[in-house]
Amino acid sequence: MPHGLSERDIAALRKKHGWNELPEAPPPSALLMFARQFTDLLVLLLIGAAAISLLIGELADFIAIIAVVLLNAILGFVQEWRAETTMQALRQMLSPTAVVLRDGVRQTIPARELLPGDLILLAEGDRVPADGALHRETGLMLDESVLTGESVPVSRSAGEEVASGTTVLGGHAEANVTAIGQQTRFGRIAMLASSVRDVQTQLQRELHGLARQLGLMAIAVAAMVMLAAFLSDRQPIEVFMLGLSLAVAMVPEGLPAVVTVTLALGAGAMARQKALVRNLQAVETLGAASVICTDKTGTLTENKMTVRSIRTPDATYDVTGNGYDPAGHIAREGKKIRAEGDPILARLCHTALICSHARLLPGEDGWEMIGEPTEGALVTMAAKAWADAVDPSRVVAERPFSSERKRMSVLERRGEGFELHCKGAPEKILSICEHVLLRDGPASMGTAERAEIAEQSERMARDGLRLIALAFRPDAREPIEEEGLTFLGLVGMEDPPRAEVRDAVALAAHAGIRTLMITGDHPATAQSIAGQLGIPADRVLTSDDLEEMDDTALGDALAGPVAFARVRPADKLRIVAALQACGAVVAMTGDGVNDAPALKKADIGLSMGIRGTEVAKDASDLVLLDDNYASIVRAVREGRRQFENIRKFVRYLLSSNTGEVVALMVNLVIGGPLIFLPTQILWMNLVTDGVTAVALGVEKSEPGQMKVPPRDPNKRLLGLSALPVILTFGLYTSGASLWIFYSLLDLGTDLARTAAFTSMVIFEKASVFAFRSLRDPCWKIGWGSNPMLWLAFSAMVLAQMAAVYWAPLQAMLHTVPLGLRHWGMILTLALPLIVLPETVKSFRKNDA
């Protein structure tokens, strides 16, 4: 029996061979990230304006513009660095693992820790983590297209090589690692693949496009205004400053950076909710999900199998105990029984054991199961029966379980001959059986016997039990021929629903999200579990039913309360396509290598972090770290929260910019001096608004957020419905600022401009509370529920006071000190921006 590497060998081998990893493209350096802040069109325009200011002798304006641009770059750099470090942390969580044998103990380690000489265990769906020589294999099939470009499955036998980066399509194997990292074939040809897709999301593209369009519009409007102002005999420097002011005011410069950091922080929040984002698109798309297609086993249920009942053709056994603790017992007709006193039970347990790779080990907190849960339950059952252990060396051949065949077979040497043992779905096992084993010996399986076993299966499945059938053939021969078997019995396993899932299903339903169960289990089991969890499933369709349906019939079936059982991976793909054809936004779970096409086809692919294969994870957008359905619903809530927060701060930023633009344009028509200088507008847009917008991005979920239907993913972030809000706030802030400006103009332009500048900043800070929710008043969501917003609000008010009273900022921003009377005017006009929106929202809620 191989033992793999010993712990004492590892340090020396590590020093010699290093780590099993390929050189990755390094993340952008801090210097490059900072330099990127100066590539925006408007920033380049501002740098040009600073240069012109210097050439015409306006040194104060030059310093002011450069200072604000630098401050903006620093803020942008901090936000981008925060987003990058968050995504780097998520990448670390996505690092692949490998199953190895070390010191004779099976363990899961990070794949980067593999060393030459390690014994790795490969199973269906695994990505081969290093080059190796096969020690033993059973039905091993590989996808080597990553190396050869050929997608045809390739079989490999003991003694042959397996290459890093290839995928196990079927079977399982043990291999001795021969090369790691850059020494592998994969490493030598440098076919590097990123595990996290670094692409812009649809929302990011939309907002970048909006900023670009506003930038071009700003330049065009500024040019026309400058021409008109020049023709009206204004001074060239004043014309230049007016055009620059308009250009700066029209563009929400910090918008793309704020969206990026908000999405990245949302990905971090989802990870804390056990949902690991592989693709930032998932953060925004999840909020639009209208259907969650979920597997049953392990996602809706605990995936902790316990055998409860055994039905042979002429006996019924009850099994006690829970989980993988072998402390229970098996009873027939109320009496405890052991395998040695019941030949049929002994035969059934022998077949169950030899068809299982799971092991039970005593641990500090009870018994631990290593392997697949169904097989773990069978091994525990055999232990409760005190069945004899099997000798693995007598296994001659194996045909592994697959989602298509739904059964596995093992050929065992018995003396001079062979025995064939099979386990699998009852209907698949029955189809290859010709006899049943009774107390008096084998008997022919006729129509009546088949009907009786089918009826037993139905009864057990209606009780919510997961069924496995067992059969054997005593006179088998090589190679494996799955025919002429003798049916042994049915094993019914309980896989209890997760306690939190029923509430999560109900929450999803309240949010207009449909839960659709898709499982490989018996239809009656699926219907029973669906009923326990509150999932509507008046009708259960199987793979055979789907074969008889065209796409129209399938679409009609999906319109009603339906669940799917005994499905194949190809059926999942078709179900997703049919739902999408009906206009649904589909989230699909999957864990196997054959689930990858459906995961890619779905709008959001959700793979399992515990039992999912590397192939499924690579095809998914989001990995459920705990394989739990409730984590999907929590991630949907987080996705909705992030999208709503983005809507809030986009409207907030645009309403602020609208107020500035309207004030500038009206002032131009009136013919007065500049109400705002370019440096003051930069201060408003880049310094004060951006910080407040980021604080809006961390608003908590609103009370009714999961009580409204999913949003239409094709609906634009800013539709016509946003215009009344943006224009109302923009017109009020501009009108109030203009009134303050002209009320104080007789006292001096600098004083009037400082008051107007300060009033606009205070107005914009005051209006932020109205944008905390587009539906609910602040008293309902909690005035103190977002401490980050209060911190940003306080900091920006203090910053504005520094701009008015601190000499260095006074020189940079051309401000003068304000008196109590001036502050009284500003605060009086700021109060309605807080009171009126809250009053309107309160009355609207009461009317509703």
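A Cβ is built for glycine as well, from the same backbone N, Cα and C atoms used for every other residue.
What TrEMBL records for 2-58 is domain 'Cation-transporting P-type ATPase N-terminal'.
Residues or ranges marked as transmembrane segment in TrEMBL: 38-56 (among others).
Same-chain residues lying 6 or more positions outside the transmembrane segment (62-78) and placing a CB less than 8 Å from one of its CB atoms are 30, 33-34, 37-38, 43, 46-47, 49-51, 53-54, 253-254, 257, 678-679, 682-683, 686-687, 690-691, 811-814. Per TrEMBL, transmembrane segment is recorded for 62-78 (among others).
Summarising the annotation, TrEMBL assigns transmembrane segment to 214-232 (among others).
As annotated by TrEMBL, transmembrane segment applies to 244-271 (among others).
The transmembrane segment annotation in TrEMBL covers 649-675 (among others).
The transmembrane segment annotation in TrEMBL covers 718-742 (among others). Remote same-chain residues near the transmembrane segment (718-742) are listed as 210, 650-651, 654-663, 666-667, 672, 675, 752-753, 755-756, 759-760, 763-764, 767, 770, 774, 822, 825-826, 829, 832-833 (criterion: CB distance under 8 Å, separation of at least six residues from the stretch ends).
TrEMBL lists 787-807 (among others) with the feature transmembrane segment.
The transmembrane segment annotation in TrEMBL covers 819-836 (among others). Packing against the transmembrane segment (819-836) from elsewhere in the chain are residues 729, 732-733, 736, 739-740, 743-744, 751, 755, 758-759, 762-763, 766-767, 769-770: each is 6 or more residues past its ends and has a CB under 8 Å from a CB in it.
Sequence-distant contacts of the transmembrane segment (787-807) (same chain, six or more residues past either end, CB-CB distance under 8 Å): 683, 687-688, 691-692, 694-696, 698-699, 754, 758, 761-762, 765, 768, 772, 813, 815-818.
Per-residue confidence over the domain 'Cation-transporting P-type ATPase N-terminal' (2-58) averages 78 (mean pLDDT, predicted model).
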